[in-house]
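S.K.: Pasting in a structure now, in structure tokens, and then I'll have a few things to ask.
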Amino acid sequence: MAKSRRDRNSWGGFSEKSSDWSSEEEEPVRKAGPVQVLIVKDDHSFELDEAALNRILLSEAVRDKEVVAVSVAGAFRKGKSFLMDFMLRYMYNQESVDWVGDYNEPLTGFSWRGGSERETTGIQIWSEVFLINKLDGKKVAVLLMDTQGTFDSQSTLRDSATVFALSTMISSIQVYNLSQNVQEDDLQHLQLFTEYGRLAMEETFLKPFQSLIFLVRDWSFPYEFSYGADGGAKFLEKRLKVSGNQHEELQNVRKHIHSCFTNISCFLLPHPGLKVATNPNFDGKLKEIDDEFIKNLKILIPWLLSPESLDIKEINGNKITCRGLLEYFKAYIKIYQGEELPHPKSMLQATAEANNLAAVATAKDTYNKKMEEICGGDKPFLAPNDLQTKHLQLKEDSVKLFRGVKKMGGEEFSRRYLQQLESEIDELYIQYIKHNDSKNIFHAARTPATLFVVIFITYVIAGVTGFIGLDIIASLCNMIMGLTLITLCTWAYIRYSGEYRELGAVIDQVAAALWDQGSTNEALYKLYSAAATHRHLYQQAFPAPKSEPTEQPEKKKI
């Protein structure tokens, strides 16, 4: 039900608000607080607290309202939660001119503190969703999200990428919180994290994300670019400019960022003062914060959260309600819980992999060129023993070449790439053996010679057994001779036309097994292997008849 109340809130001052509350959850504002909805476990897996999300996003007052999701992300210990609490003050007191509150009032809301260790983990959402009237009279729900800082000492790169990407995918306004400047590594990390988010989303011709705001804290160069949005716009234009004299890598980073976000802006914020930075007991009282910071803070927060600045969350051009946002939250986290996406890698690991793969490619290419000189297409047949000797020598040279290349990652990291090189060289050697054998005139004639021998033997046996009256054996030999003759003609056609090459390979394998000078067991094994490998070809060539009664063996004629 709707309630109008004048409450003393924890951010200082009285405010009169009209809010919708479900009959099940009539709680005063002061009991609202941060709720962790994305939990990063000790094993670096992710868990979504669906029950908490349901309570927040499916309350009767907001579930069918279009939602504005505001998120703050960036490196850890850079004041994200501190900033979020000033956003809360504004949301609770925005109708008041002096919304920042009493100068002696401690700052409360999302948990924050000074120091060097992380405070926020996962993703936290403020438990009260604010209902705000936009300029066109439409009432929208505003959701505030605080995120775990990136690159702390307890998180993997995948943890940081997932939290940043997920918050960017869910939010309609993403505040990228940076300290002192926008450096090239900040842009590269943004490129990595947004690409990790784009991978998890459906492909679309639209830009996947909405508003990105670079918030540069502790800005120390107001004489170059003034504090605020105007100075930030000029600064960002220069920083994200793509020019022809830039390296291709730098151009790609900037093009990628522009391709991901519909709106990109920047705000330059001064340092809050030495008392804030050095006092271990600082609790957020405005009286201890520099006036220049407070002055620009009063500009920044309304610039972000005033009704005309709110961007309704859209996905593929469709406006999303709180109910819909809940479903997207569930769908996205399932993707990151699985193994469908590649794990992001550190710059060292990615460089080391590229380094080792390049060394593998160089060594493999060297082996290939030397083998081509020995038994390439225009070279004559080489004795198998000589070919094997050359192979072993060149393989050893390639391994030495790989070991001699300076590679990042160390010996242990390079070991699996050495194994990969040896495996790929062995595969190439098998291909060279086949290529070399094809030049042997006796090898090329093996199949027709074998089939001719089979035809001759079965012809002789059929003649002898027919002469002495063993008609069944004679008929069987005649049948084998006929099938062999058909096989020979088929093989000749395949060699001439180049069609049905797989069937030709089967015939060659069977002939090779019959030709084999080794033991009978080896020949039978080769026959069995050929049959098992190409069984589907036999089934296509000789389809089994549909259920018919078994024919009785042909009786001997009297």
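Sequential numbering from 1, following the chain as shown.
Cβ coordinates come from backbone N, Cα and C, glycine included.
Heads up, here are the entries from Swiss-Prot:
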COILED    412-439  coiled coil
MOD_RES   S10  phosphoserine
MOD_RES   S22  phosphoserine
MOD_RES   S23  phosphoserine
REGION    1-34  region 'N-terminal hypervariable region (HVR)'
REGION    1-29  region 'Disordered'
REGION    347-438  region '3HB (three-helix bundle) domain'
REGION    439-447  region 'Linker'
REGION    521-558  region 'Autoinhibitory domain'
TOPO_DOM  1-449  topological domain 'Cytoplasmic'
TOPO_DOM  493-558  topological domain 'Cytoplasmic'
TRANSMEM  450-470  transmembrane segment
TRANSMEM  472-492  transmembrane segment
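Where in this structure would I find these features, and how exposed are they?
M.R.: Remote same-chain residues near the coiled coil (412-439) are listed as 352, 356-357, 359-360, 363-364, 367-368, 371, 375, 377, 380-382, 384, 387, 391, 395, 398-399, 402-403 (criterion: CB distance under 8 Å, separation of at least six residues from the stretch ends).
As a whole-number mean, the pLDDT of the region 'Autoinhibitory domain' (521-558) in this prediction is 47.
Beyond the transmembrane segment (450-470), the same-chain residues lying 6 or more positions past its ends with a Cβ under 8 Å from any Cβ of the stretch are 477-478, 480-481, 484-485, 487-488, 491, 511-512, 514-515.
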S.K.: Residues sitting near the transmembrane segment (472-492): Cβ under 8 Å, six or more positions beyond its termini, same chain?
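M.R.: Same-chain contacts beyond the flanks: 447-448, 451-452, 454-455, 458-459, 461-463, 465-466, 500, 503-504, 507-508, 554, 556.
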